[in-house]
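Engineer: Here it is, the structure, as structure tokens.
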Amino acid sequence: MANLNKRPDWIKVKAPNSTEYYNTKDLIKNLRLNTVCEEAACPNIGECWSKKHTTVMILGSVCTRACRFCNVKTGRPDLLDPYEPQRLAEAVQKLNLKHVVITSVDRDDLEDGGASHFAECISEIRKSSPNTTIEILTPDFLRKEGAAEIIANAKPDVFNHNVETVPSLYKTIRPGARYYNSLSLLHNIKKLSPEIFTKSGMMVGLGEEINEVVQVIDDLREAKVDFLTIGQYLQPTKNHAEVAKYVTPEEFKYLERVAKTKGFLMVSASPLTRSSYHADEDFQKLKENYQQKLVS
């Protein structure tokens, strides 16, 4: 039996040590912003921060959910910070970002799940950095009536919401969420604002079967999702769900081939693929692929 405590060579990354990495780290700290890069212990943080790419996490650093895969703190969240949108806009400007990714913790305690706060952040960035494209990675807004409309009206360039895993694992891995609610949210955003690119992702290596992954791929395409990401699940701490399997690069290539036959504008599937990994470059490719589809 394979030793799952030891990560295979294709998972290993270099430790961050560049000047730009530390400059990015200092700016984020000085502006009192949270990032999912740090909170979720992302393996790509060194590469991304060295390129001044970061995914800012709004709505605080404490989540109201307790997903078994996620390293973000869970508990009773703090009050909303009304100045966070302005500080975020300042960070985008100082880092001279061409593309910014904004995510958040789940806020089941808020009436709209934090949708209006996302909208305020988008508005502030548009004021000071009108040429910056904006990608948001949101919670599922479960039972939050009107949240999808607030997000669609805010007009992000990319709307991302991850289904995370296959439906059969939701009870143990993502107990506070509902698979079909996530699909519905993605579909509704596309119906409300067809010009917004939609994106979703999932992890593999949690014990799912390959046919279940293919079914999720089909479901996401049926929901009119444009961009699919698939990456390897990595256990953040011993208190989280264990890795059931390290999926090989060859298996990821197979999943990518399958997904591409379904009609997605873009597919990224690899061991280190994460929702926001290479997001700026991928957005440019996404637009190019869309234009090619229009003329074909």
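We count from 1, first residue shown onward.
Every residue gets a Cβ built from N, Cα and C, even glycine.
Values in this document were obtained by computation on a predicted structure and should not be read as measured data.
Heads up, here are the entries from Swiss-Prot:
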| type | residues | note |
| --- | --- | --- |
| BINDING | CYS37, CYS42, CYS48, SER276 | [4Fe-4S] cluster 1 binding site |
| BINDING | CYS63, CYS67, CYS70 | [4Fe-4S] cluster 2 binding site |
| DOMAIN | 49-265 | domain 'Radical SAM core' |
Engineer: In DSSP terms, helix, strand or coil for SER276 ([4Fe-4S] cluster 1 binding site)?
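Structural biologist: In the DSSP reduction, SER276 ([4Fe-4S] cluster 1 binding site) maps to coil.
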Engineer: Any idea what the Cα distance is from CYS70 ([4Fe-4S] cluster 2 binding site) over to SER276 ([4Fe-4S] cluster 1 binding site), rounded to a whole Å?
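Structural biologist: Here the two Cα atoms lie 15 Å apart.
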Engineer: An 8 Å radius from the center of the CYS63, CYS67, CYS70 Cβ atoms defines the neighbourhood of the [4Fe-4S] cluster 2 site; name the other residues of that chain inside it, in order.
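Structural biologist: Output for this site, in sequence order: ARG65, ALA66, PHE69, ASN71, VAL72, THR74, VAL105, ASP106.
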Engineer: Which one is it: of the binding-site residues CYS63, CYS67, which Cβ has the fewest other Cβ atoms within 10 Å in this structure?
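Structural biologist: Sparsest of the binding-site residues CYS63, CYS67 by Cβ contacts within 10 Å: CYS67.
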